[in-house]
Amino acid sequence: MSISNVTILTPSVLTLTGIPGLESVQSWIGIPFCAMYLTAVLGNSWLLSIIRSERSLREPMYLFLGMLAATDIALSTSIVPKMLGIFWFHVSEIYFDACLLQMWLIHTFQGIESGILLAMALDRYVAICSPLRHAAIFTQQLVTQIGAVVTLRAAIIVAPCLVLIKCRLHFYHTTVISHSYCEHMAIVKLAAENVQVNKIYGLFVAFTVAGFDLTVITLSYVEIFMAVFRLPQKEARLKAVHTCIPHICVFLQFYLLAFFSFFTHRFGGHIPPYIHILFSSIYLVVPPCLNPLVYGAKTKQIRIHVTKMLCS
């Protein structure tokens, strides 16, 4: 691809527009985003404090839930403060390297969250399909190792996205990103050079992480429900299904929003930009906000400890 006459050599500062087409109401849009962010931070912090303080919640399921809560806090914090700065205070400029860092953090935390959801699905699979072997398989050491592997996998596989932009793309058509945060494809589309490699690697990351995790999670829950419906006692079936409901709710809200955002960014040319960007922003904020509410309402042990804390 030939470089056009009007290009900018690796800009030092980029400009985030927020939500194109909704600039006049962005200050109002910021209010629910702020409320969701506060709910995410406070709810997940409370969840972490309960898991840490209660010895009875040192089981693998709750340890994974603690990892998910910490990831949710980090993910929402990496995007919402800057977004609110754009919406409320018109602080739209961001250094190029800071933008790349935000992009890497956001996609890394997304990958970590996907990996934790996979680990939680496998934990439920072993707990329901092989309950006598669960304690021997999912030891505290294995849970720690899974957390480390999930984190390293996401950080390492996303890092080349940053390197490919920094090392391959030197000329840009514009410094204005029509988005509310620094997203991989939003940055790549600014380039005035051949970006085919960047696009291919972005697809590779999406299908390697989300595609693999989604496939294994789906197969795990298919096996779980087949095992559940073979149980002779109705009470046992209901208990097993009730245990899985919070995980399925979190799993669905995360992946449905994720794939909507992913495919509309690449193939949704007919969708108005403000709809895509609004949903992309919601996708990163809503799951961290809802996760503590879902697990707090649907998990009996956590619900009991929350009631105790409120009563005391």
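Note: Cβ is positioned from N, Cα and C throughout, glycine not excepted.
Listed in TrEMBL for this protein:
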- 28-50: transmembrane segment (TRANSMEM)
- 43-295: domain 'G-protein coupled receptors family 1 profile' (DOMAIN)
- 62-89: transmembrane segment (TRANSMEM)
- 101-122: transmembrane segment (TRANSMEM)
- 142-165: transmembrane segment (TRANSMEM)
- 200-228: transmembrane segment (TRANSMEM)
- 240-262: transmembrane segment (TRANSMEM)
- 274-295: transmembrane segment (TRANSMEM)
Any contact between the transmembrane segment (62-89) and the transmembrane segment (200-228), i.e. 3 or more CB pairs below 8 Å with pairs at least 6 residues apart?
no
Recorded stretches the transmembrane segment (240-262) and the transmembrane segment (101-122) touching, at least 3 CB pairs under 8 Å:
yes
Can you see whether the transmembrane segment (200-228) and the transmembrane segment (101-122) are touching - at least 3 CB pairs under 8 angstroms, only pairs 6 or more apart in sequence?
yes
Apart from its near flanks, which chain residues at least 6 from the ends of the transmembrane segment (28-50) lie with a Cβ under 8 angstroms of it?
19, 22, 57, 65-66, 69-70, 72-73, 76-77, 80-81, 83-84, 87-88, 278, 281, 285-286, 288-289, 291-293, 295-296, 302, 305-306, 309
